[in-house]
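Annotated features in TrEMBL:
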type    : residues                                 : note
BINDING : Ser27, Gly28, Gly29, Leu30, Asp31, Ser32 : ATP binding site
DOMAIN  : 348-415                                  : domain 'Lysidine-tRNA(Ile) synthetase C-terminal'
Amino acid sequence: MREPDFLNHFLKKGYFKKHAKAVLALSGGLDSMFLFKVLSTYQKELEIELILAHVNHKQRIESDWEEKELRKLAAEAELPIYISNFSGEFSEARARNFRYDFFQEVMKKTGATALVTAHHADDQVETILMRLIRGTRLRYLSGIKEKQVVGEIEIIRPFLHFQKKDFPSIFHFEDTSNQENHYFRNRIRNSYLPELEKENPRFRDAILGIGNEILDYDLAIAELSNNINVEDLQQLFSYSESTQRVLLQTYLNRFPDLNLTKAQFAEVQQILKSKSQYRHPIKNGYELIKEYQQFQICKISPQADEKEDELVLHYQNQVAYQGYLFSFGLPLEGESIQQIPVSRETSIHIRHRKTGDVLIQNGHRKKLRRLFIDLKIPMEKRNSALIIEQFGEIVSILGIATNNLSKKTKNDIMNTVLYIEKMLENDIKKVLVSHDEITEAAKKLGAQLTKDYAGKNPILVGILKGSIPFMAELVKHIDTHIEMDFMMVSSYHGGTASSGVINIKQDVTQDIKGRHVLFVEDIIDTGQTLKNLRDMFKVREAASVKIATLLDKPEGRVVEIEADYTCFTIPNEFVVGYGLDYKENYRNLPYIGVLKEEVYSN
């Protein structure tokens with residue numbers, strides 16, 4: 001096909017009729033490069049201002065070179081291009097979310113209202129087959145939408161009616177990872193489809209036909225049910241169970257970013273049938289509101305979101321929330337794990353108390369306000385207490401009380417377990433130094449040490465165990481030859497203040513005579529340990545002995561000693577994290593935090 005043929009198709013479909021600015025997602029593959037060529041050539045005819053956006057996933061050696069070439073291409077076409085680099089652990093889902101978040105940022109910045117992608121008919125076949133294999137609702141087998149409104153933007157896929165073979169061979173980048181079968185889509189493309197086409201050479205057309213037929217049914221049902229008020233439960237429940245399900249699914253199509261799973265859909269059905277009044281978040285920033293014979297699903301307003309302060313946990317999922325790890329139906333191991341019987345039939349809501357809350361105890365409903373008074377719970381603890389709720393009833397007030405339904409009732413309803421583990425963060429009063437601040441300080445100190453020790457080949461001596469995280473971060477930023485050694489010196493003995501009595505359990509392995517030594521410490525408190533070590537190494541005839549510390553607590557000092565390099569000076573509080581411990585706990589926290597007094601005073 002010729003480029004004018006594609007232009008005529010675009011004009012006939014009126015893809016860009018409502019848009020003045022469009023962002024093109026440019027990957028560099030054949031499909032997106034050809035779409036770039038068509039759109040950039042016919043900007044005037046389409047009456048659009050074209051903006052390019054590219055994500056460098058950093059997964060291949062060629063990625064950076066391709067980015068440079070795309071920058072050149074944009075410059076030659078006199079078009080703006082925005083580029084972002086993916087970081088972190090790679091997965092198909094994470095990369096996709098990263099791309100679309102970035103594209104939305106570009107659109108917001110440029111004022112564009114359309115996002116254009118180069119998905120084509122072959123992508124459509126792969127998508128439908130992937131969804132079929134994974135298991136999905138029938139309406140999702142219609143595949144990728146040609147045009148899709150999400151919030152204030154419209155995603156346009158103008159190539160969806162064309163196969164890749166329809167595109168001319170032009171300059172593009174070939175992603176060699178597409179030939180690997182590590183990812184599901186690649187296995188569909190490279191293995192499953194070729195095998196299925198052996199059975200039916202027109203298998204791709206058959207899949208596309210099914211997708212289009214499902215879309216027709218979906219649109220027809222929407223049109224036929226247009227005069228049915230699904231939000232009126234009396235009207236909805238006047239139909240058969242099957243029709244109710246179809247009508248409710250059609251109603252949910254109004255919220256394309258809601259995407260309820262089958263279990264979540266069943267939960268909504270159950271709530272509509274069983275609750276007279278209900279208001280709770282369900283998913284992706286939406287809430288379900290039911291008042292007697294009416295219901296609605298709507299976006300949670302910022303005010304409501306702040307007020308609710310609520311988390312929804314679905315079956316077979318885990319979440320960390322306010323110092324606890326909650327695991328719904330997935331067992332956790334350990335002596336300190338709390339177990340609460342719950343039902344797998346509906347989600348769990350975790351929140352703080354609300355006016356009018358009641359708990360069933362000994363068959364009677366008791367207001368939480370009265371319960372807290374009877375148990376003499378302090379006001380601060382009342383406000384911070386976590387409420388676990390299911391089916392609109394309070395199951396437990398974490399650490400305070402539980403709903404004691406009769407044993408028979410519990411056995412009938414509660415068919416799984418909510419596992420709860422108290423996390424280390426729950427013992428932290430406040431974060432004193434963040435992980436990002438530590439990293440930045442290590443970079444600056446590393447640059448200074450590079451300058452000060454250039455050509456001296458120093459020995460960095462870490463004091464075990466606390467110095468390990470800081471030393472590991474620091475050495476990454478020292479750009480000169482160094483050697484590393486370690487000493488194990490005890491002086492705390494499980495307490496909160498340094499005893500000053502040195503017990504060398506492990507000495508350095510090297511002869512330090514004539515060498516430049518830099519002690520690397522997590523914290524200088526009383527200073528006794530480091531003063532004794534510094535004096536010892538001077539006796540051993542080190543060329544120089546200096547000290548670098550992550551933290552300095554001068555108020556705790558009992559001897560005269562100062563670090564040569566200090567990242568942070570802190571107040572006289574008991575801190576843990578990033579190597580610092582209390583009774584061997586908390587070393588693995590990625591920040592420096594102040595330990596709650598009740599933890600070490602008991």
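Just so you know, glycine gets a Cβ as well, placed from its N, Cα and C.
Feature map: TrEMBL annotations on the structure.
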residue : record           : Cβ contacts under 8 Å, 6 or more apart
Ser27   : ATP binding site : His54, Val55, Ala118
Gly28   : ATP binding site : His54, Glu66, Glu69, Leu70, His172, Phe173, Asp175
Gly29   : ATP binding site : Ala118, His172, Phe173, Glu174, Asp175
Leu30   : ATP binding site : Lys164, Phe167, Ser169, Ile170, His172
Asp31   : ATP binding site : Ala118, His119, His120, Phe159, Lys164, Phe167
Ser32   : ATP binding site : Leu24, Ala25, Leu26, Thr117, Ala118
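Shown in sequence order, Leu26, Met33, Phe34, Leu35, Ala118, His172, Phe173 are the same-chain residues outside Ser27, Gly28, Gly29, Leu30, Asp31, Ser32 whose Cβ sits within 8 Å of the Cβ centre of the ATP site.
When the domain 'Lysidine-tRNA(Ile) synthetase C-terminal' (348-415) is classified with DSSP, helix, strand and coil residues number 20 helix, 23 strand, 25 coil.
DSSP assigns Gly29 (ATP binding site) to coil in the three-state reduction, outside any helix or strand. Over the domain 'Lysidine-tRNA(Ile) synthetase C-terminal' (348-415) the predicted model carries a mean pLDDT of 80.
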